[in-house]
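Per TrEMBL, transmembrane segment is recorded for 32-55, 232-253, 259-277, 315-336, 361-385, 450-478, 498-522, 562-581, 601-623, 635-657.
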């Protein structure tokens, strides 16, 4: 039996041995993973350099003001285009994707105009009519009508056709709609019997279809923005209520952990039950109403989301989802009822630890502030990089010309040599981009920007985990609690993490960032492959995405436990990860019994807070609370503030419960270490509290029964 046990431990590492001098997190420690620390510092220096270069070349005004083919802004005060706020595209067909327009890379001549065209005209028809003066304002500045039709269209002096358009994001998009089954442009039909016209209109529709979709999305965005302007005050109040509820819940856990857990379980079941009841009542109320039996598939996507609430199928779907969730939770509670009793003891111990290190509840604010800095720097750099492109002009000619495709300057074209080699050549706008080394490296810089964001964000999260783990480990390994607890354990743990383990934190964050950037690239490739009908490629992409998702989850789990070992022993990342993994594997049954059940209980706590605040927000913004019925603001979509309050409440609750979660994980690992180091005798006493000793006895009894 002893040989088998030794072989078992040999496969899963060597347990910690009794050390009479060990009394918690080691203070005499050295720097770990110094190379990774150096790499992180060099990467940060490079990241700052990328930001400076981006700020030097980029121009965020391109996000606000559209630019014409000469790189001049439309509608900007103090320029010759001050009274021309809209950008007009000569050939909208070349701008098939709205993303092309927003990224300023549409390969067609563009000019600034005072108003978008409001009628359908062709250059051929307008040239010799009284409409030519109107048509002329959509030609290039300084255009003189001294060329033939072919030369004008060839040189790109005027558009071949004008289409009634509407402004969207200061850009002119064709106003296309259907009327009695006939495609209409403005107030005129675009269907003609001629095959050439029909082909042109088909191309035009394809080019403008997505643009009009963006127009509808813009209207939706404007209505949502209006809702935020009139409801932001009440949204803030809802988030404050969520914060107060979370804080009150944590405080009550400190003194009434067992009662609070059962109250939380019952309340979650009741909240879900009320949701099912409300969905059923709405489903019954709509019975017999005209149009309520239309299916969601037949209705399709509607920008006015209130339409869906008038369908019985919508409430049926909500009722089914909530019912499934209710059944899953009830079944889990039935099968885990004995394990929940054991997990409550662990939560009680975590409540005591949080109570003695109360400032740990404020640490998520530090993490939130640092993450905001990372997000702000990444966003600013991304905007400046995306606006670094310049207008590129190429030489075009209808006949063989050795200079065709070469870059040219429209201000100085043509030179004497260019006129001699290609007398009919023209310098025309080609695309937005650039041919310098910087412009060719823009995609790589954007990837580097995203990678550094992931790396720094994961580093900030790792710093918080090590800091909290060090503070709670100090509590556990205090033999006489709280008398042996060191002064300011949270600040001491924060100082140790930065002074000695920046490299280890950077190492763990780097591994996770590499996996995350690979997932981003896979998502990008998946979007590019959607148009292809290659089933094998789609299957392979789905498998890769699934594998890397699982890998990311595993690395997060491994990193979290490795950071706890780093906080306690001060070892490097690889050693800490190996020791933590083997420790968990040696106690895999206890991990399943205790650790994951507490995670489930914390999830129920989050659902309780989110559900309570969400129901309150629903009744308030739908004017169903009579006392404050006239106080609620009028809204286009009442789901906008409700959804915002729900998401914000979850993030707030997650911030508070993350401290508890880290405390439970730290105490659990310390508990397992304590079992291997000591035996509870007078010579080798346990460091665990009386509550955890009862937990140990219950666990051992359960293991013996199984």
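Heads up, the Cβ atoms here are built off N, Cα and C, so glycines get one too.
Contact between the transmembrane segment (498-522) and the transmembrane segment (361-385) is absent: fewer than three CB pairs lie under 8 Å, with pairs separated by 6 or more positions in sequence.
Here the transmembrane segment (259-277) sits apart from the transmembrane segment (562-581); fewer than 3 CB pairs are under 8 Å, leaving out pairs fewer than 6 apart in sequence. Most Cβ pairs within less than 8 Å of the transmembrane segment (450-478), among stretches 232-253, 562-581, 601-623, belong to 562-581. Between the transmembrane segment (361-385) and the transmembrane segment (601-623), the number of CB pairs under 8 angstroms, six or more residues apart, is fewer than three, so the stretches are not in contact. Only sequence-distant pairs (6 or more apart) were considered; of these, fewer than three Cβ pairs between the transmembrane segment (601-623) and the transmembrane segment (32-55) are under 8 A, so the stretches are not in contact. Same-chain neighbours of the transmembrane segment (32-55): 377, 380-381, 384-385, 388, 438, 445, 448-449, 452, 455-456, 459, 500-504, 506-507, 510, 566, 570-573, counting only residues six or more beyond its ends whose CB sits under 8 Å from a CB of the stretch.
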